[in-house]
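Trainee: Below are the features I grabbed from TrEMBL:
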{"type": "BINDING", "residues": "N60, N61", "note": "mRNA binding site"}
{"type": "BINDING", "residues": "K64, C90, D112, D144, Q167, Y172", "note": "S-adenosyl-L-methionine binding site"}
{"type": "DOMAIN", "residues": "51-360", "note": "domain 'MRNA cap 0 methyltransferase'"}
{"type": "SITE", "residues": "K93", "note": "site 'mRNA cap binding'"}
{"type": "SITE", "residues": "K99", "note": "site 'mRNA cap binding'"}
{"type": "SITE", "residues": "R124", "note": "site 'mRNA cap binding'"}
{"type": "SITE", "residues": "H171", "note": "site 'mRNA cap binding'"}
{"type": "SITE", "residues": "E255", "note": "site 'mRNA cap binding'"}
{"type": "SITE", "residues": "Y352", "note": "site 'mRNA cap binding'"}
Amino acid sequence: MSCIAANLEENKECGKETLLPQKDEPAKHSSVVAAHYNHLEEKGLKERLNSPIYYLRNFNNWVKSVLIQEYTDKIREKDYGRSLRVLDICCGKGGDLSKWQKARVEHVVFADIADVSVQQCEKRYEDLRSRCGRLFSAEFIAADCSKEPLRDKYRDPSIKFDIASCQFGLHYSFESLPQAKRMLTNISECLKPGGYFFGTIPDAYEIVSRAKKAPNGDFGNRIYNIKLLFDVEKGYPLFGGKYDFHLEGVVDCPEFLVNFKLFTKLAAEYGLELVYKARFADFFKDHSEKYRQLLQKIVCFESYPAPPGKELVAEEAEYEHAKQFWQSKENKTERDRIGTMSTSEWEVATVYMAFAFKKLKNTWDEKGKPVYTKSKQEGQSNKN
Ligand SMILES: C[S@@+](CC[C@H](N)C(=O)[O-])C[C@H]1O[C@@H](n2cnc3c(N)ncnc32)[C@H](O)[C@@H]1O
């Protein structure tokens, strides 16, 4: 049974798939999220290198790079030389700027609720442009994308995007149905038929499974902690399933569970058809062969045993898996190393999942509403 089916099955068995009333003011959460991200300090290179989540961050960047590469390639396979326009929604400080540059896109609209982050994104864009001379054109929008229409804010409201990317941000809009809908409207309304919407989110099924095994729905390790903030006895809300997420030096604010099956159904109303989904562990299996060089280039894994003069990021006990594997290797030399991640970092990585949707072609009904035509299935579709 697929993980999502299992999740819903579980909820249904207890008759617990419910839409609970929202007690808190939605506006309050948005400002908490915006304030949190606005106050996040930009880390220097030295600090980043010494971070306890150095490899996790690099791995997350690898996932995003692969998604960008895969789907820009897919579009170009059909139309080589096409100039690509992108919506980077929930862009933060522009963590994907150089990925868009490498993908040779033509124009990117960056949007985020945190105005200070958007300013930093613009500054990083200008710096990159002055360093490399030629760069895609860009526009920067500070807006709550789960409440405000973005279209009126574009320089050209008739713009058509080839790609919409939402990395580690969509779950904030699952506070309520109207917010999720507004977010999906913003994502889909200017996306061309045949264009792709892809992203990364925490996997609600994984969070709920881990919470069920933990006292008070509170679990984590030395670098992350998640605490469910609703009464599981009363069921799992489809929207507003709030939890506190703390991740060492990066995130420390309330987030919302995304019931993936519901998300897929909702997305279908906006002409978005699921073409790929995978937890990060499976994403790695699906793409590590093809993108092995990139894994090495952006240093996603730690060398085990630690090379001379270097220390492991975590205690030796967090490398038991690597130790066993290394010991079982035959004909190894003193210099041999394997690539791995501390158990704490991998536990965080495997909270997340990646997804991709394709925008369908549509006709119009007599009331002027779009009617979407299901496409023929794509080759690559890990959709279970
Ligand atoms: C974990 S950060 C990810 C940033 C960036 N996408 C990346 O991968 O580096 C999540 C971002 O979502 C933004 N965000 C949260 N809720 C939002 C909303 N309602 N509208 C727009 N942006 C939002 C936050 O301000 C934050 O910058």
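Heads up, the Cβ atoms here are built off N, Cα and C, so glycines get one too.
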Trainee: What's the CA-CA gap between C90 (S-adenosyl-L-methionine binding site) and H171 (site 'mRNA cap binding') in angstrom, rounded?
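Mentor: Per the Cα atoms, C90 (S-adenosyl-L-methionine binding site) and H171 (site 'mRNA cap binding') stand 10 Å apart.
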Trainee: Would you measure the largest Cα separation among K64, C90, D112, D144, Q167, Y172 for the S-adenosyl-L-methionine site and round it to whole Å?
Mentor: 23
Trainee: Which chain-mates of K99 (site 'mRNA cap binding') that are at least 6 residues away have a CB under 8 A from its CB, listed by sequence?
Mentor: N61, K64, S65, I68
Trainee: What is the one among the recorded positions D144, E255 whose Cβ has the most other Cβ atoms less than or equal to 10 Å away?
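Mentor: Of the recorded positions D144, E255, the most buried by Cβ count within 10 Å is E255.
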Trainee: Hey, how far is D112 (S-adenosyl-L-methionine binding site) from H171 (site 'mRNA cap binding'), Cα to Cα, in Å?
Mentor: 14
Trainee: If you count other Cβ atoms within 10 Å of each one's Cβ, which of the binding-site residues N60, N61, Q167 has the most?
Mentor: Q167
Trainee: What subset of the recorded sites R124, H171, Y352 lies within 10 angstroms of N60 (mRNA binding site) at the C-alpha level?
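Mentor: Hits: Y352.
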Trainee: Need this for a regression test: recorded positions K93, R124, D144, E255, Y352, filtered to those with Cα within 10 Å of H171 (site 'mRNA cap binding'). What's left?
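Mentor: Passing the 10 Å Cα cut: E255.
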Trainee: Name the residues of the same chain, 6+ apart in sequence, whose Cβ is under 8 Å from the Cβ of Y352 (site 'mRNA cap binding')?
Mentor: N60, V63, F168, T200, I201, P202, D203, R279, F280
